[in-house]
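A.B. asks: Let me give you the structure first, and then I'll get to my questions.
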């Protein structure tokens, strides 16, 4: 049986799809057979970030409506051969997803995969609810910002009440906190929430902190999951997060502010003032 | 149009009261009343003009056997004022209504009565058909009362998250974790939060103005007791971030330190 992992946040634009792509790629790189599903029917971004947008023939809605078989819709990644992508449809809306349809897809993928990563749309409506419904584990993506933390808190409540595990009163969905776009310099200036404050409110185990980094935007625009950019700090941070997810004990990195600008400001900025 | 506003003649508010319950074990007023009069003659004034609720749950008799009118008249003669009934079968309650005794519903469900005894009363003789369960320590009439509210408590040990709403109906609410922004905790009784209270807390939801809110880290969006509320902006003087208890004094909210 595969582990179903939902990547969710409540709020939009915090890095769910970037995380889904990086995380699924990282899991696959470790040799686990992994599939990542785009639940954002109507918007469809995962294929772009994974760089497979020109290879999409069928999508999840086609499979649910019986217009295509599952393995016709799955796209095999060319970089990591244990990874495949099930894209979303851009021409339909989220009502085209049904619980029965998604259930069948998850069940079939479960047979020959180790991990099923579900990239949730923003919000707490149908698409998001379906993305988290079958989850065994959840990666809650949060920015160091008040509204993002509150939405993550909301989605954690939804996970506890609306997931299949909650409905069947089984062990609850295992929750992981992933803080993205963390800029220690701005945290120090009080412009962003501190990591401790986020952890205190959400009160779930910390999987990782991804620093704000230009490599993420570059990776998105070139259709390469940022985790494949081993030089970048964001790529390394995602690699650590995947390692921790698989049970490794790794220290958290990239949490300290950059000291150099402060020193320069003290030397030159101070004199000018 | 008259520029003069009409003077306010009344305000309608719900209130919770502690009432004595007279649990009937015998349907005959002439058996109950002398025993009752005898018991309370020893504590004069204890029940004088005290409102009392007649408990019907223990009464093993048919509704037509109970002389409610005679009972009401007899109690009034003893300067005890029966205000209603509790428990009993629907037929029994119907018979009581006909005698001017409406059924009352206990807050927090049944069996929320606490035992009481008249001050100075001798330990009751168990053989006597004493209508008041006895003996029990807390004297009702004298001094400060340490009576329990008779309420249950609801315990929540997970964080209460944004969008979640928890209602402790007829009970106190104890949260051992935090109440996050955007969450709402409501109780008919008191609210205790042992983590940070960052959401909304509404105590005494059935207009119990005695209800209080306790928080180890007081940082709420809104608090309310018995319908009186204050939003965060109006909490200027409150000790934010500290252990605090909130209570209602008249129509004013009071914030005191905890412990």
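Quick reminder: no glycine exception, Cβ is built from N, Cα and C everywhere.
Below are the features listed in TrEMBL for this protein:
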DOMAIN    A:5-226  domain 'CobQ/CobB/MinD/ParA nucleotide binding'
BINDING   A:11, A:12, A:13, A:14, A:15, A:16, A:17, A:18  ATP binding site
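I'd like to know what surrounds each of these features in this structure.
C.D. replies: In the three-state DSSP reading, residue A:11 (ATP binding site) counts as coil.
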A.B. asks: Work through the binding-site residues one by one (A:11, A:16) and point out the residue whose CB has the fewest other CB atoms within 10 angstroms.
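C.D. replies: Comparing Cβ neighbour counts within 10 Å for the binding-site residues A:11, A:16 gives A:11.
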A.B. asks: Other than A:11, A:12, A:13, A:14, A:15, A:16, A:17, A:18 themselves, what residues in this chain have Cβ atoms within 8 Å of the centroid of the ATP site's Cβ atoms?
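C.D. replies: Output for this site, in sequence order: A:9, A:19, A:122, A:141, A:180.
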A.B. asks: Please compute the mean pLDDT of the model over the domain 'CobQ/CobB/MinD/ParA nucleotide binding' (A:5-226).
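C.D. replies: Within the domain 'CobQ/CobB/MinD/ParA nucleotide binding' (A:5-226), the model's average pLDDT equals 95.
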